[in-house]
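*Asks:* According to TrEMBL, the protein carries these features:
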- B:Asp37, B:Thr53, B:Asp84: Mg(2+) 4 binding site (BINDING)
- B:Asp37, B:Asp84, B:Asp223: Mg(2+) 3 binding site (BINDING)
- B:Thr54, B:Asp55, B:Asp132: Mg(2+) 1 binding site (BINDING)
- B:Asp55, B:Asp84: Mg(2+) 2 binding site (BINDING)
- B:His62, B:Glu276, B:Trp329: substrate binding site (BINDING)
- B:Gly131, B:Asp132, B:Ser225: ATP binding site (BINDING)
- B:Asp226: Mg(2+) 5 binding site (BINDING)
- B:35-148: domain 'PurM-like N-terminal' (DOMAIN)
Protein chains: 2
Amino acid sequence: MINTGFPTEGPTLGEIGEEAVIHAIIEASPSAVNGDDAAVLHPPSPNSRMVVTTDMVVAGRHFRPDVTTPFKLGRKAVVQNFADIESMGARPLAALLSLSAPTSTPVAVVEEFARGIGTELDKYGTELVGGDVTAGENLVMSITAIGSLGGNRPPLTLTGARAGQIVVAHGRIGYSAAGLELLESGIDIPEVLEPLVLAYQAPELTPGSGLVARSAGATSMTDNSDGLLHDVGALARKSGVRIDLKSEAIAPDELLVQAGELLGVDPWKWVCEGGEDHTLIGTLQGEAPVGFRPIGTVHKPASETGSSSNAASVPVTIDGQPPVYTQGWESFA
Amino acid sequence: MINTGFPTEGPTLGEIGEEAVIHAIIEASPSAVNGDDAAVLHPPSPNSRMVVTTDMVVAGRHFRPDVTTPFKLGRKAVVQNFADIESMGARPLAALLSLSAPTSTPVAVVEEFARGIGTELDKYGTELVGGDVTAGENLVMSITAIGSLGGNRPPLTLTGARAGQIVVAHGRIGYSAAGLELLESGIDIPEVLEPLVLAYQAPELTPGSGLVARSAGATSMTDNSDGLLHDVGALARKSGVRIDLKSEAIAPDELLVQAGELLGVDPWKWVCEGGEDHTLIGTLQGEAPVGFRPIGTVHKPASETGSSSNAASVPVTIDGQPPVYTQGWESFA
């Protein structure tokens, strides 16, 4: 049974007021550090570097109340930020939440959202250490994640891929896009396809995956938030390399194929263009670290190989060929 | 000549697209650290603690295009966050920006806003190290500030005020509220009153003031963002003390009196209830640190003095009397 929908009953933000709203959030996602002008965090190890990122979630743009729940949305808002921290090979430490919502919003919406945030933060042993709440025309949430990069190895950057490395991935690819399309289709979704829906509503990230990859010698990493080819393309371009993905390693699995047949969609489209899986994708010399699988290889760019073929001039190929589906998420489309 | 208004011409966010919008922001407020999944920051000193805070700015709620400019709004968005960092006795290090705006927004609005952010960040030797941009129904900006707390002294908290200390302030009180009321009145604002308007549009904060107070032995600090009595009241309650302010030290000055006469408003209302001055207010034993002036004294709470008078039961008094104006900012009113 797939849960969707936002609470529509009960007292509203306008009725209970700012102080009570903040209290409700802190109850749902507690922290000993929260409650002052700013939160003070101790570095977990001497000389560790700070890693910071932020991501905004806008109602009607990033989600619709009829395809998710506030609880799952809260979990997802954390995952999409922590995936960016893990992508640097760092460890999430804490999060901040800015929330703007109409005064007519039921408090239960904010409570469930904060409970989702707290549940996900718990998996990492981290806390919601601060935030801001305000009225606004539309529900907008901005999460900032703070992480820590210990040790002497460099962070895993978008510029760190090198020819000769393998490309590795941790997690599903294409599930989230398929799940959203199932939800938006309005059809009665078969129980067997629920993993796709859950991947959209609240994608799973294994805490520590980025750390594991960094320890195993990875030099670059990102997550597929805007689409596999979009994000791997950014990695390739920023590193000045070409990346070739193996079709057999990223091919739609049984569930994606079944959903594709049901909706009349080529599931390769979800694999290549779908974002929001927040699957970590990195490059390294040697073998795939624990929890990762090889999905491709890194090559010199066309300009260095002297090749003038069409395939060599695009930053990402599949089995050496330019991919058919290359669109990604565009914020202002 | 007071500047107000937002650009209404030129290419829009929807026309130029996400990548170009991000490029415009980075051009206007550059950083070598920006551009990866997350930003990596080096602590400025060994074993320094991180200090983090966030604040959201919503169009129509926190500002109207007819009372400010995007450039000044960008400056103010930084100041209101950095004031929270300074309030801990810490040093601002970096900022992140999440921005949601209608696709029809002229790029010039975002560019000017980012230029304002960059200008203010420059005063602190800090940078915009990351962010997120997305379409939305309304213009919403969320800034997160990262700071550093070096040395062994504790941070300046809302719980640190102690009976026997003096209360000190750094900066104007009431100017911002008066400036907003002048702008909203629609009158032709006399040139002499421009400092009030500027205090609303882009309040000034002296970099390092919080550090100075912490070095001088301050134990508590906040800034008047939601109203003097509201914020000093929070400090008193959280510290379990009563604070008595001296009327002669906070009395409306010549400009506030003049604006009050012009608008038919008691300027004490701006002093007591006006927020957004982002004036640092702290407590310490001894004398006011450089740049600060004494404005009151800290006392034991009524429960400990055995007094049952009306004045002793309120957390903040003025010359020993309960204040007349006690309202503050309420986000969901």
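In case you wondered, yes, glycine gets a Cβ from its N, Cα and C as well.
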*Asks:* Using an 8 Å cut-off from the Cβ centroid of B:His62, B:Glu276, B:Trp329, can you name the remaining same-chain residues around the substrate site, in sequence order?
*Replies:* B:Ser225, B:Asp226, B:Gly275
*Asks:* Return the maximum Cα to Cα distance in Å (whole number) over the record's substrate-binding residues: B:His62, B:Glu276, B:Trp329.
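*Replies:* Output for substrate binders B:His62, B:Glu276, B:Trp329: max Cα distance 11 Å.
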*Asks:* What subset of the binding-site residues B:His62, B:Glu276, B:Trp329 lies within 10 angstroms of B:Ser225 (ATP binding site) at the C-alpha level?
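*Replies:* Checking Cα-Cα distances against B:Ser225 (ATP binding site), the binding-site residues within 10 Å turn out to be B:Glu276, B:Trp329.
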*Asks:* Please name which of the binding-site residues listed here, B:Asp37, B:Thr53, B:Thr54, B:Asp84, is nearest in space to B:His62 (substrate binding site), Cα against Cα.
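*Replies:* That would be B:Thr54, nearest by Cα distance.
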*Asks:* Counting distance between Cα atoms, which of the binding-site residues B:Thr54, B:Gly131, B:Asp226, B:Trp329 is nearest B:Asp84 (Mg(2+) 4 binding site)?
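*Replies:* Given the candidates B:Thr54, B:Gly131, B:Asp226, B:Trp329, the nearest one is B:Thr54.
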*Asks:* Binding-site residues B:Thr54, B:Asp55, B:Asp132, B:Glu276: which have a Cα within 10 Å of B:Asp223 (Mg(2+) 3 binding site)?
*Replies:* B:Glu276
*Asks:* Express in Å, rounded to the nearest integer, the largest CA to CA distance found among the ATP-binding residues B:Gly131, B:Asp132, B:Ser225 named in the record.
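*Replies:* Value for the max Cα separation, rounded to a whole number: 25 Å.
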*Asks:* Validating a neighbour-count step here. Other CB atoms within 10 A of the CB of B:Thr54 (Mg(2+) 1 binding site): how many?
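*Replies:* Looking across every protein chain shown, the total is 27.
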*Asks:* For the binding-site residues listed here, B:Asp37, B:Asp55, B:Asp132, B:Asp226, which shows the highest count of neighbouring CB atoms within 10 A?
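*Replies:* When each Cβ's neighbours within 10 Å are tallied, B:Asp37 leads.
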*Asks:* Within 10 Å of each Cβ, count the other Cβ atoms and name the one among the binding-site residues B:Thr53, B:Ser225 with the highest count.
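*Replies:* That would be B:Thr53, with the highest Cβ count within 10 Å.
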*Asks:* Nearest by CA distance to B:Thr54 (Mg(2+) 1 binding site): which of the binding-site residues is it, out of B:Asp37, B:Gly131, B:Glu276, B:Trp329?
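*Replies:* When the Cα distances are compared, B:Gly131 comes out closest.
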*Asks:* Give me the CA-CA distance between B:Thr53 (Mg(2+) 4 binding site) and B:Gly131 (ATP binding site), in Å, as a whole number.
*Replies:* 15
*Asks:* Based on Cα coordinates, which of the following binding-site residues are within 10 Å of B:Asp226 (Mg(2+) 5 binding site): B:Asp37, B:Glu276, B:Trp329?
*Replies:* B:Glu276, B:Trp329
*Asks:* Using a Cβ cut-off under 8 Å and a sequence separation of 6 or more, which residues in the same chain sit near B:Trp329 (substrate binding site)?
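*Replies:* In sequence order, the residues whose Cβ lies under 8 Å from that of B:Trp329 (substrate binding site) (at least 6 apart) are B:Ser225, B:Asp226, B:Gly227, B:His230, B:Gly275.
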*Asks:* What is the number of other Cβ atoms found within 10 Å of the Cβ of B:Asp223 (Mg(2+) 3 binding site)?
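*Replies:* Excluding its own Cβ, B:Asp223 (Mg(2+) 3 binding site) sees 30 Cβ atoms within 10 Å.
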*Asks:* Among the binding-site residues listed here, B:Asp84, B:Glu276, whose Cβ has the fewest other Cβ atoms inside 10 Å?
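*Replies:* Across B:Asp84, B:Glu276, these binding-site residues, the one with fewest Cβ atoms within 10 Å is B:Glu276.
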*Asks:* Let me know the model's mean pLDDT on the domain 'PurM-like N-terminal' (B:35-148).
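*Replies:* That region's mean pLDDT is 95.
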